[in-house]
Every structure is written in structure tokens, then in C-alpha cells.
Amino acid sequence: LLLMGASSLLVFSFFLLLHSISSSRQITSTLHITEDAVFDKNYTGKTRPNGELSVFHYSVTKDDVVRIRMTSRNANLSTPLLSVFREPATIISIQLPIMIKNYMYNSTARTLCPYSLQTVNYDGNLTISVELSSHRPIDYQFSATILQNFHLNVTTPMVASASAAEPVFYQFDFPPHLDSVVIWIKSNSSICMTVSIQKAECPVFDLENNVISGGLHQTMTKSGSITVERRYFEKFFVIFVIRPNDDECSTMEEIIPPHPHYMQPREKTFMVDIQSAPNMEDYILPIAFTFGGIIIIYSLAIVFVLTMGGYEKQMMVREGRQLLAGVEEAQESAPSTSQPYMTDRFDYSILENEASTSSSTSRSSPPYRDLEETASLRSYDTVPDARDKFVVRQNVNLTVGDLSLKPWKQRDKKYNRYVVSLITISLFYGLPVVQLVLTWQDTVRSSGNLDLCWYNFRCARPFSVFFAFNNVISNAGYITLGLLFLLMVKEREMRYRSLCKIFPNVLQKDYGLPHHNGLMYAIGVAVVMEGVLSASYHICPSSSNYQFDTSFMYIIGLLGMLKIYQLRHPDINANAHVSFAVAAFFIFLAMMGVYLNTIPFWIFFSLSYFIIMFMVSVEFYFKGLWRLNFMEILRSIQYTFVSSKWCSCLVPAYPGRFLFLIIGNSINLGMVVIGLIKRPKDFPSFMLGPFIANLFLYLLYYIVMKFVHRERLRARAIAFLVLAFICWMAGGWFFLNNVSDWSETPAVSRELNHDCILLAFYDNHDVWHFLSSVAIFMSFSLINCVDDDLQWVRRDKIAVF
């Protein structure tokens, strides 16, 4: 039985083998339906059933670049049309309909990889085979053409078109004389498209799901630019892939169909223009221009210090000796019982003539103050506690002498904390920033994703690891002029100390405004750090690191206002830790505004801003003599109303301060209301407006009040004022004419890109860097010398405003 079973199994296996061989021969004879094809001819037909292949052969040469176009009207997802394009070294497969994110298309076109790039042994006989198949007969139509304009050339624009299912790419080979080129793509259509730069090699990544797999890539709508360097791409493909929707280019997301849905082709026509970019030798002139201008400013400063500095010191010494000689004569002729005011500035026995002194210096009491009040004030100042700050600061006509009662060393130590604190903040803040942006730059280089950085790609000049070296080097003005400002402050301090040695116990205690340079040094450090952090931001500008560029601008504006206030309020200025805490709060708000641009956030910001406005206003008006005690405030209002004559309680005690606060608060309120209405996306730039506006407003108020009190500006201060105004106006125009906008998508931002406007190297924002650095230098140089006319004026005759 075992033998019979084994014999039956052997016979069955033999017949099965014969059947398999017969079937194989039948399939082989019917599997391929081969036809020789010619280019530029449309082939239509139906696929054969049961997966049989329809094969077409094209004969090509090594220099040919072939583009295939295929359409099927009745192919669907259940019975797709399958096609394979076989080249000597590569294979491309296509399935119709093509589905991209649930968008379906029944036609497609692809460019095959050039044969010149394929590593094959060329014997003069190259072919392309096109194989079509499906499970049941499906209509098809296809054609193949040889591209005549596949290579791009410098200064020869090319017009092309592409659609979501029909990507295109072209090749560019670097000429021997060029190191880099700028590829500019322009279109009238706002359809979203990805542009990719890939090395000229096979395979080519030209599909929606792999176009970002290699090289450089960016999205664009109407304009796009990419700078390509020879050292990275000797020859390369420029690939254009149309997105199925505009989600990648717009902040408004489109609704993707929940199920596959046929779509009409999204076709985009565009122009490709390749222009030569400056070589490394072309960078020499713009960089030399930058540092040449800086050297000129340094030279002028040195010449001024060596000439005018010595002359001014001699003039100061002459004026001081003449003044002191007159004082000594007056003291000798005075009664022996009168004590020299020079030796004790706080001897209030001679303050009986205060009213007449105030009137002679244009600080007479307001008309609503009657004689009884003036008499009471005079007698009130002669009591033993007349030196108490709460008594002194109640005077209607305050002088700098009233607000500089603290010892000079105590005040100087207080203001020196600003520069020490700021240097510490700069190190802890700046070092991680530089490390972060350099790492981020490496990420952009390795990923090739140019959408990570918001450059002006039309004027991005690469150098070393930087994509836009011009945006980095243009910040040299902040750093160098900030250092120059520090040197000038130091020279001025040394000159003042030499005068104090000539006039010991006189100049530092009794004449001119108290000299404390801690805030000025802090401003110089802040300007230097602004240059460092702005350069760091421009290594890869984006919404994620924009606060690097603005943080120290807030600090510069805050320190500027504090310095102006300190000039005539040396005893009651804010401490360093309080000031930097306020700056930190605004920097925190700026960061939150980038990510939380919502109604609740704007309400929180507005309330916080109003509270700070109120506290600063009250502090400025009452000169530190107020406490937030509502019961005391209510009783004070009631007492003032009852004891006042007619409506004099409604008249402000300090009209100048009151008017300034009304104007300033109105402007601030207007800016906040505009922000609430428009809710700008670029919140950090919006918040920079109040800082700069308040600084300028306070400086303007200070200058106007100097003229009101019959003080004057010296020629140097006027020159700084005029130059600062010109630079701010010109720089503001370039700042407002943006060449990029990180608050928009990268594609929309590229529509703002413009060509370089200065030496084929610098763009609008670079010019803003130059002009604003000079404007900041001139503005703070103005603040530094605005009161030079008061050097030999007694502090009890210098008005506080």
C-alpha cells in the first residue's frame, strides 16, 4: 500500500510540473505587447485584461531629457492604471489617479532623470520602456517629448508652468567665473509652490511628499529667491512642485476633503531668472565702506576731544575762577554774621530771599498763590526740619539743590549698579542667544528648509556659515558706536574730575547738575548688546527669536528716560533692580504677544500698561511724595476742596508737569487703543513704539522746558539734535519699508523681498541699522551735553521740571 501511494504521488507531481511549464510558456507569450514608439506622438488605447503589459520602447541619446505625459479618464482607486518608466539606471512608477492629501488627479506629467547623469556604459543604443497595466481594460493616453530648454542660463529668463500633479525641474551648471547665483522666481499667481534646489543626480525628488528630502527648499506664492553657492552645488536641479492647497503658504487653512475627491488641475505659470551674485571679491568694497564710515566717526571724535575738549576745559576753568572771585568779593563785603553759602549749601539762614531769587530765575509762584501762602512757606522752611526731603519737595518751585541732598558717593554708587547689573544680565542673556542662533543656523543648513528663516532672499549675501552675512555685518555700527560712546563718557568723566580737583568742595557740591555716569555707561553697554543680539537675530530671523532683537531696544529706551529724569532728580530716581524688573516684565509681555495675540491677552496688556502709566505719572508729578493709601487720598481731596477759595482746588499745583502728563498719557492711551483695535501680529515691534515715543517726547519736553526757564543749548548740543533728527527720520523710512515680515508666512514674506539698494550688498533693513545706530549715538550724545550751559550755575537756581 505504501508503494502504491508513493507511485500515485509521483505521477501527480509529474503532471503538475508539465502543466506549470505549459502555463508559464503561455503567459510569457502573452505578457508583453511591445511596440516601438516615437516622440511627440499621442498614444491612446486601453490596457489589456488580467494584468497583461502594454510596452512601448523609445530610442534616445545620452544628451536627451524626456518628459512623459499620461492621462486616464476612467481609472479609479479600485482599478488604477499602473505605469512604469524604465531607464538604463532608474525606474519611475506612476499610478493614476494620483492622490495627494485626498485630492485626486487623472492626469500627470513627469520629467525623467537625464541620461547624462546616469552611470551606464553608453554604447550608442539607449532606450526607454513604458509599461502599462491594470486588472481590467482602462483607457489611457500618453506621449513623450524631448525637452529642448532643460538647461537654465544666467541672465536668460525662462517661462514655465507646473501643476499639482505635473511637477517640473530644470538643470543649471555653474560657469567657471561664478561662485554663487541668485535664482529669482516670479509669478502673477498666488498658488502655493515649493521650490527645491537639489544636486544634479538621480533619483530626482520632485513629488509633493519627497521634494523636501534633499538640498534647499522654500515655499513661495508670487515671488521667491534662493542664493546658491558653487561650493555646495557644482550643478543642480531647480524643482517646482505645486501644492494641492495653500496651507503651506497662508495662515488661512483650507478644509481638506475627508474622502478622496477629484480636483481640477492647479496650474501656475512663473518666470525663472538666474542672476550672478557678488563674488567674495565684491564683498570687500561694502565692508570697507562700513568700517570706513566708522573710522571717520572715530577720527572726528578723537579730533574733537583733542581740540575742543581741551578748549572747553580751559573755558570752564576761566569761568569758574571769575565766578568764584566774584563770590569771594561779595562775601568780604557782606556782614560778618552772614555765613558763606558756598561752604554749607544747606544753611537755610539765608533763604529769606528765596522768593526774590525764584522770580529772578523765571520760577515765580503761580498767580493763584496768595501772599499769605508765600509767607507761610518762607517761615516753614526755617524750622529745624527744613532739610527733610518731605519738607523740601513740597516747595512749588523745586530746584536741583532740593533734590540732591544725599551724599555724592551714595548716589554714584546707586547709579553704578546699573552698569554692573546690565553687564551681568547681558552675559546671562547674550551667551545662550548666540549659541542658540548658531545651532539654529546649522539646523537650517543641514535640513535645507529655508522657511525656517525670514531673510530678504533677493539681497541675501552668503559668507562662511551665514546665509545673509550683510544683515549681520550691518550691525557693526551699534557695537562700534556703543564702544565709542563709552569712551566719550569716560573722557567727559575724566575732564570733570580734573575740574573738581581744580575747584575742590565747590564744583561737585554746589554748581551745575550732579555728574553721575552710571546710567550713561549702562546705555553704552546696552547699545553694544543691541548690536550683538540684533546680529544674532539676523543670523536666522524668525518669530521664535525676534525678542532677541527688541529686548535691548526696550532697555535702551527705558535707560534713556531714566537718564533724562536723573539729570534734575538725582535723589529720587529708580533703583537698578526695579528698573530692570520693569524691563523684564515688558520683555515677558513681548514674548507672550508673539504666541497669544488674543483679546484676553490684549486686555491684560492694556490694564498692565494703564497701571504702570498711572504709577509713573503720579511719581513724576509728586516727585516721590505719595503713597497708595486711598483713605488719605480721600481726606486730602476733601480738605483741599473745603479750604480752597472758589475752584482753585481744580487748578494743578505744577502746571508744566500736569500739561506734559496730559499730552504724554493721551499719546500712550491712543497707542494702546490702536493696538486693541488692530491687534497687530508683530506685537514686539508694536510695543517698541511706546518706548521710543516716550523717550522722544520726554527729551522734547526737557528741551522745551529749558527754553521756558531761559536756559540755552550750546552749539554742540544743537548739532547733535539736528543730526539725530535727520538720522531718525531717514532711518524710520527704511524701517517702515520692510523687506520681510516674520508675522506673515515665509511665502507671503518673500513678496516683500527687494534687491539690494546700497553697493549691491545692503538692503533697506541694513541701511536702517546704519542710520539708527548713528541716531542712537547722536541722541545720547545730546543728552550727555544738553546741560553744559549750567556748569557754573548754582544748583539752588536750577529749576526742576
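Yeah, the Cβs are placed from backbone N, Cα and C, and that goes for glycine too.
Listed features, source TrEMBL:
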- 1-24: signal peptide (SIGNAL)
- 283-311: transmembrane segment (TRANSMEM)
- 418-438: transmembrane segment (TRANSMEM)
- 465-489: transmembrane segment (TRANSMEM)
- 519-539: transmembrane segment (TRANSMEM)
- 545-565: transmembrane segment (TRANSMEM)
- 577-596: transmembrane segment (TRANSMEM)
- 602-622: transmembrane segment (TRANSMEM)
- 658-677: transmembrane segment (TRANSMEM)
- 683-705: transmembrane segment (TRANSMEM)
- 717-736: transmembrane segment (TRANSMEM)
- 767-786: transmembrane segment (TRANSMEM)
Contact check, the transmembrane segment (418-438) vs the transmembrane segment (767-786), 3+ Cβ pairs under 8 Å, seq sep 6+: no
Among the ranges 519-539, 602-622, 717-736, 767-786, the one whose Cβ pairs under 8 Å to the transmembrane segment (658-677) are most numerous: 602-622
Chain residues outside the transmembrane segment (717-736) and at least six past its termini with a C-beta under 8 angstroms from it: 703, 764-765, 767-768, 770-772, 774-775, 778-779, 781-782, 785-786, 788
Recorded stretches the transmembrane segment (545-565) and the transmembrane segment (767-786) touching, at least 3 CB pairs under 8 Å: yes
Cβ pairs under 8 Å between the transmembrane segment (519-539) and the transmembrane segment (577-596), at least three: no
Distant-in-sequence neighbours of the transmembrane segment (465-489), which means Cβ under 8 A and at least six residues beyond its ends: 227, 283, 286-287, 290-291, 294, 297-298, 301, 305, 438, 441-442, 444-445, 450, 453, 455-456, 459, 517, 520-521, 523-532, 534-535, 538-541, 756, 761-763, 765-767, 769-770, 773-774, 776-777, 780-781, 784
